[in-house]
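A.B. asks: This is the structure, below, for whatever I ask next.
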């Protein structure tokens, strides 16, 4: 089988498949396809996988060809469905594989990477493998895998969070600087000038004594008292 014929048929099949289900009559094939999740190989079909948005999940497929003729694996895709109502939520990007020829009675392995980015909820992942056989492309569904998807917890040391914190800090510092330049300088200048005026007024109102002055034992200045009055006080004291 020529590779160009395989790829032409593969493209035509994708174009005519609605929801990855063939529009013609279903055919039975003796091709067994299973997979494991490399990150959690212990999970089975009955388990529920727990994934976070941003994770990369690797599916490792095993294709067993029990047909009498050779088959060729040419592509892989898949869907996330709502496990309650079976509605399709999103389709995975169709990926090219190989092509990898599988002779009768033999098996091959290949990987598919899936980037998890969905609204947090419960889903069922159903992969599909494209097989070329006898100039036809066959879409073979694999078992479903239940999964719970949640948002990843944000770490304090996450570079994106650190960058956001720096942006907020710089913005806050810039607002403070602008506020000081517009209102702060004028306010502090006004307060300083008022204090200077109060100090000058206090100095001007203080009396300044000129010339020598004497104080009596009574503790007040006697220069301004007439001498006759002072003599009278002294005479009274002698008596």
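Each residue, glycine too, has its Cβ placed from N, Cα and C.
This is the feature table in Swiss-Prot:
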SIGNAL    1-19  signal peptide
TOPO_DOM  20-161  topological domain 'Lumenal'
TRANSMEM  162-182  transmembrane segment
TOPO_DOM  183-239  topological domain 'Cytoplasmic'
REGION    201-222  region 'Disordered'
COMPBIAS  201-213  compositional bias 'Low complexity'
A.B. asks: Quick one: average pLDDT across the topological domain 'Lumenal' (20-161), no decimals.
C.D. replies: 89
A.B. asks: With DSSP as the reference, give the number of residues of the topological domain 'Lumenal' (20-161) in helix, strand and coil.
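C.D. replies: Helix (H, G, I), strand (E, B), coil: 3 helix, 80 strand, 59 coil.
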